[in-house]
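Read the structure below first, then the notes.
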Ligand SMILES: NC(=O)c1ccc[n+]([C@@H]2O[C@H](COP(=O)([O-])OP(=O)(O)OC[C@H]3O[C@@H](n4cnc5c(N)ncnc54)[C@H](O)[C@@H]3O)[C@@H](O)[C@H]2O)c1
Ligand SMILES: O=C(O)C(=O)C[C@@H](O)[C@H](O)[C@H](O)COP(=O)(O)O
Ligand SMILES: [Zn+2]
């Protein structure tokens, strides 16, 4: 079974393959023999995989309880956190127990934050079931929720103790949700790996699925190991996100994360190319890669309206906001812009 180990303060394994859901109980039992497990999921994933996971845990001798919240970004908030804390309290979850996130990026981010904050921090396992969650959100320990003030503004860095990517679960994932993950995979290619970018741009991701998952996870592993707390290098993983998060928020989260990041990558690269800061032709390559999966590359509104939301970005430090720009496809850099110049910089 392909395994990638992330060497953070407490190293953890990421297993990638088919059928991991069925062996999850035995693997978790081997890691934490005495722990009780609280599975956190959403209603859609619960209907598909909740029973299989509980069965796997119980047949390995693990006492398990489960909580499911309504699926979608609309649940990634403090109200869901409160519901989870109540459930953990009623279920008697102690510091020697663990949480299991079964689902996409929303479930992973919310469960990770619950694990980081319940009793000031307990262990958690990620079992990602979307392509996006497998290649990005289940790895690296960024957890959190959206608030009225903005996207992902409340959260914690809290690493999982194990990640199980069962690629068989992708068989039920609707194409629309799958494409959100493709946008993040295109991001990895654009900032770090031109060959990966070209493979994705050819439209052939499904023919190379496990290879793409392994490559993206390994790129994320390396980045997180070098800059766990997002102080420099890791910010490159935010390519397209300053605009993307603002687009998500401006739409009331009707535009999905992956779609918004795709538009953000194309918009910022068109602009940096026009300013002579990125190799000519890069934006057209991103447009083509997104188009291969039917994804948009233009913001359907005035970029100017996004500036207030962009000012809440976590890459803002005092009077400057750091953008991620491509030198060319496969290489990126940090580019601070004075807050007073953001409007003209993005061409608004
Ligand atoms: N922490 C990080 O590093 C990080 C990285 C990238 C994105 N994110 C966050 O991840 C979230 C987006 O994640 P997402 O795209 O996975 O969305 P999501 O979690 O909302 O899942 C999308 C939909 O797919 C359904 N689903 C999940 N697995 C399924 C399966 N196997 N079969 C059928 N349906 C399934 C879900 O119920 C949901 O309706 C955003 O909130 C984003 O901010 C976090
Ligand atoms: O892991 C990271 O670092 C990332 O930036 C990955 C992003 O794809 C992800 O969307 C992340 O949650 C955004 O981070 P944020 O710090 O801007 O909220
Ligand atoms: Zn993202």
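From the backbone N, Cα and C atoms, a Cβ is placed for every residue, glycine too.
Automated prediction, rather than curation, is the source of TrEMBL annotations.
The candidate list 208, 241 contains one residue that TrEMBL assigns to the Zn(2+) site with 184, 257, namely 241. The shortest Cα-Cα distance from residue 105 (NAD(+) binding site) to any of the binding-site residues (184, 241, 257) is found for 257. On the backbone, the CA of residue 151 (NAD(+) binding site) and the CA of residue 241 (Zn(2+) binding site) stand 10 Å apart. For residue 109 (NAD(+) binding site), the nearest neighbour among the listed binding-site residues (184, 241, 257), judged by C-alpha distance, is 257. For residue 107 (NAD(+) binding site), the spatially nearest entry among the binding-site residues 184, 241, 257 is 257, judged by CA separation. Of all the binding-site residues listed here (130, 170, 172), 130 has the Cα closest to the Cα of residue 241 (Zn(2+) binding site). The Zn(2+) site, placed at the center of the C-beta atoms of 184, 241, 257, has further neighbours from the same chain whose C-beta lies within 8 angstroms: 132, 136, 180, 183, 187, 240, 244, 258, 260, 261. Here the binding-site residues are 151, 241, 257, and the one whose Cβ sees the fewest other Cβ atoms within 10 Å is 151.
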